[in-house]
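So the structure is just underneath, and the comments pick up after that.
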C-alpha cells in the first residue's frame, strides 16, 4: 500500500512538472518567457548607430530561447526557410538542443554598460605582426569566430573574448582554449549541427558522418556558456547585406555567408559602435598567409566554392567607406 501511494505521489509530481512546462513554456532549467524578456532587454541609446539604416529590427534578440523559439520563428518568418536561414523542418532539433541550455542571455544580468563599443576580430593573415592585442582588449565586446586562437597570439589579437561563433567542424576541442568568461554561439548550417550539440550535451556518441570534416567529439564549454544563433541573423547576412539570390542556378553550388560576415551582422544587433580587425585578404599573392595563425595560404580561399568572397569584400568596402564601421587593419 505504501509503495502504491508513493507511485501516485511521484506521478503527480511529474504531471505537475509537465503541466508547468507546457503552461509557462520553460526549458529544462525552469526559465519562463517573462524572465527571459526581463533579462535580455538591450539598453537603448539616445542616438542611432551609424549602421542603423541596415537594420530592419532595432531590438532583435539574436539568441534563441527554449521558452519561445517557435513564436519567434513565426514572427520573423524563420518558419518558412530551411537551415541555415530558418527552422523549417528542423524545429524538433532546435527544441531538443535548446532545452539543454540554461539560458539565452546576451550579456550578464549585472552588465549595465549601455551603447556598447564592439570589435569583430576576423582570422585574416593581415593581423600578423600588427600588435593590436592591447587595442582589441580595450573594447566593451570582443567577437571572434571559429578556431581563431588567442593563446600564443595575445600581442596580435588580445586576450579577451566576449562571444565566439562556431559550428561543429570549427569549434575548439582542446580545453586549454576554454575561457570561462566567453559565450560561444552555435551557428547551425544543417540539422545535424543541432543533433551534434544535443548528443554532446546528453553524453551521446558522435558520428562523423554528414560533416564536411570531423567535428569536435567533446565539448570543452559548459552549458551556461552556450547559445544558439537565431537563423534570422544568417538570413539577413545572405539576403539583405550580401544580396544573395534565394535560388542559385543548377550548375552552381549555393553560396552562404562566412562566419565573419555573420559575426558582423550579429554585432549590428547588439552593439552601438562596431569596429573590425582582420577582414582584409591579399588576393594578389596566393602564397600569403590566410590566417594570423597556422600555415594555410590564400590559395585555399580562392578554391572555396561555398562562399562568395568577392561579394563579401565589396560589402566590407561599402560599410567602411560609409563609416558604418571602422577598420583597424585598413592599409
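Glycine residues also receive a Cβ, built from the backbone N, Cα and C atoms like all the rest.
Quick look at what Swiss-Prot annotates:
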CARBOHYD  129  N-linked glycosylation site
CARBOHYD  181  N-linked glycosylation site
CARBOHYD  282  N-linked glycosylation site
CARBOHYD  295  N-linked glycosylation site
CARBOHYD  308  N-linked glycosylation site
TOPO_DOM  1-4  topological domain 'Cytoplasmic'
TOPO_DOM  26-331  topological domain 'Lumenal'
TRANSMEM  5-25  transmembrane segment
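Positions of the features from Swiss-Prot, shown on the structure.
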residue : record                      : contacts (Cβ under 8 Å, 6+ apart)
129     : N-linked glycosylation site : 156
181     : N-linked glycosylation site : 160, 161
282     : N-linked glycosylation site : 125, 126, 288, 298
295     : N-linked glycosylation site : 289
308     : N-linked glycosylation site : 242, 244, 255
